[in-house]
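> Quick one: this structure, given as structure tokens, is what I'll be asking you about.
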Amino acid sequence: LLLGVSGTSVEKNITLDSATRIELSCRLDSEYSHLKSLQVTWKRGNETIRHINKTENSWSIQLRILDNSKLGSYSCVLQGEEEISAVFHLQVPKIEGKEKPIVSYEGDTVVMICKTFGYTPIAWTWYVTNGSEQIAVNDSLLADKYVIDRISANVTHLKILKLTKEDEGVYWCEAAFELGKSIGKLKLKVLSLMVPLKPFLAIVAEVVILVTIVFLYEMYLKKKEKCA
Amino acid sequence: SSPAERKEEEPEAPAAGQSRSAGAMDGGWAWAAVLHFFLVNVLIMGMLKTFGIFFVAFQEEVGGSSEQVSWIGSIMSSLRFLGAPLVAVVCRKLGEWLTSIIGAGLVAGGCLLSTQATSVPFLCVSMGVLLGMGFACLYQAAAVMTAKRCRTRLALSNAIARSGMGLTFLMAPFTQLLIDLYGWQGTLLIFGGIMLNLVPSSMLLRPTSTHPPQRTAAKTQERGFLMAKKDSETLDGCLDESTPRETQLRSARDLPSTEGLMTSHDRDVSGPGDTSALERLKKPSTEGCSPETAAEAKRKTVPLTEKDSSEPLLDFSPLKDPVFFIFTWSFFFSHLAYFVPIFHLVARARTLGISSMDASYLIAVAGITETISQLLSGWVADQNWTKKYHYHVAYLVLSGVTNLLCPLATTFPWLMTYVVAFAVCCGGFMALVLPVLVDLVGVQKLHSYLGFAAFFAGIGAAGGPPLAGWLYDYTQTYVCSFLFAGACALVSPLSFLFEPLAQRWKLKKANM
């Protein structure tokens, strides 16, 4: 049972992972109840829904969500002197990818993780972007390159072995729910060992210079003491 | 004894001139030691604090449970303290210069080795053990060297060096940036390089063999033993930390410090320097501040040859010294009182409904206030208006009271007030830990005392956070942690009440 209290335009996200019955209702605040002449419409896109249950201050619809086609945005519009509306977005659970790219090195192994929170997907699939296509990662075909582990019901790991520069790019993890699929995006960056080595060598060079300076200064002091 | 005195003074004059130029150098080397200590604080504390950022990266890539990965951090930070007695031995054998360089090498090596890590136990050893021992070496060497060099303004120098800890908040965003750019392995590689910087800075810790002021200050203790009042008048403030203190304490620590003076000289001084040290003992050069007597010089040269071999390698004498227990008791409880509130401050703010943005302001304010307070406290303590440990006790009591009042702070302004007050007190007593120890036991024995004291503090540091966590789990509120910290802070200065008693006991023992 979900309520939308209106004053201005309101949106609400509802996450569903399996088939269920749901009731959406729009309830008007008591301040506005003086607006008697109200016409309420429930819509999904352009399609109007009938079977509106009306009580004193609220109008609701009941939905049976069985598959992906029933998901989407449902809105209730109260037409009076002003138009007040509320929108409900019915969605599958989202997967979190990573905003920042995952950094790894050539020849090394990297583990990419995808999680869902609270909802258990039926299956996980990984895709790698090759050019503009998404190709599924087949770990039985390339068993010494990719390993897909389902660590727990909500977590999946893609382990990529023996990284090369070509493995760099965008990866997708897809979770299949009863009501649909959801995708998370992950970026992989593969660096050669030279990349961090350069600043390191720069720092080492600086250290060597400092050590030399201190040594020379000490020798200079010793000479001074000998002469004095 | 006055004609003998005058005779001694004459050869002093040319030597004094020579040492005046060396004295200017001394000032330079003292600042070098402070700079090195500052760097050590920044890098060590920075590494310890940013470990949390590595924690996340390790967990994801290397695997292992949260508990296992946090072992790495625990080993790293507790070895820093627990390794101190061992490091004290190494320092006295090899000298601070070499120990510090070895420490820097260990730390850099540990970082570099960790880049190859593939499992948590590997990391435990490479990061935990190597880095922990390296830190212990660095810290011990730097602290004792600073104490040896900055005789007059030790509290202020210590405070300046410790203010390095305040800068560590810059390390966190920097580390995060490096991890984003290079991944954790690249970051560790670069950190290894940064830690290598400690090698040239350790080279600044030149042995004090050629520097008179340090010995003369020790000698003023002995002089006091022979000619108490007279010398306290002639003592120039430029050499001594606290004259009244010296004359009071000299009797108690005279004999031990004589031995310490002789034997640690043998250790500090390199081969050729030995004979020159001997000569200098006979003809002390003092920058014109404090005259010597022939009688004293004779007294000193005799023990020199005798006491050479009598000092054992691992010096357990601190454990027999009541002053040590006084200091360690206070050190241990004050560390507990320091770490626990910091650990739980943010959590408490959250439970009071304060947002994390505001909570991080609290931390930032605490850090800045503590740094400023350390500097002020160091400066004030150096003015020698009263004995340093009086300040220490005062700060501890105040911080205890503040902590006990903390549960009353339930809104953001009050919590901010608490944080400021707490940071002022903490900065105050933290800056004085080293100077108080130096006051109590003198510089010669500092290595072993500091080593063992750090060992016990390490037990406190290792046990403190889990204890605080247990307190929370048991009472379900963070209020108890603050009350506990307040109680610790009030318990810790109690031991100082026994200090005059302990000194008298030592004097009696020495006289027997």
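Our numbering is plain: 1 for the first residue shown, then up by one each step along the chain.
Cβ coordinates come from backbone N, Cα and C, glycine included.
What TrEMBL shows for this protein is this:
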type: COMPBIAS; residues: B:242-253; note: compositional bias 'Basic and acidic residues'
type: COMPBIAS; residues: B:295-304; note: compositional bias 'Basic and acidic residues'
type: DOMAIN; residues: B:323-512; note: domain 'Major facilitator superfamily (MFS) profile'
type: REGION; residues: B:1-21; note: region 'Disordered'
type: REGION; residues: B:235-304; note: region 'Disordered'
type: TRANSMEM; residues: B:29-57; note: transmembrane segment
type: TRANSMEM; residues: B:69-90; note: transmembrane segment
type: TRANSMEM; residues: B:97-115; note: transmembrane segment
type: TRANSMEM; residues: B:127-147; note: transmembrane segment
type: TRANSMEM; residues: B:159-179; note: transmembrane segment
type: TRANSMEM; residues: B:185-205; note: transmembrane segment
type: TRANSMEM; residues: B:323-347; note: transmembrane segment
type: TRANSMEM; residues: B:359-381; note: transmembrane segment
type: TRANSMEM; residues: B:393-412; note: transmembrane segment
type: TRANSMEM; residues: B:418-438; note: transmembrane segment
type: TRANSMEM; residues: B:450-472; note: transmembrane segment
type: TRANSMEM; residues: B:478-498; note: transmembrane segment
> With the transmembrane segment (B:450-472) as the reference, which stretch in B:69-90, B:97-115, B:127-147, B:159-179, B:359-381 has the largest tally of C-beta pairs below 8 Å?
B:69-90
> Which bits of the chain, at least 6 residues beyond where the transmembrane segment (B:69-90) starts or stops, bring a Cβ under 8 A of a Cβ in it?
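Distant Cβ neighbours of the transmembrane segment (B:69-90) are 44, 47-48, 51-52, 55, 58-59, 62, 99, 102-103, 120, 123-124, 127-129, 131-133, 135-137, 139-141, 313-315, 447-448, 450-455, 457-459, 461-462.
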> Find the average pLDDT over the domain 'Major facilitator superfamily (MFS) profile' (B:323-512) in the predicted model and report it.
81
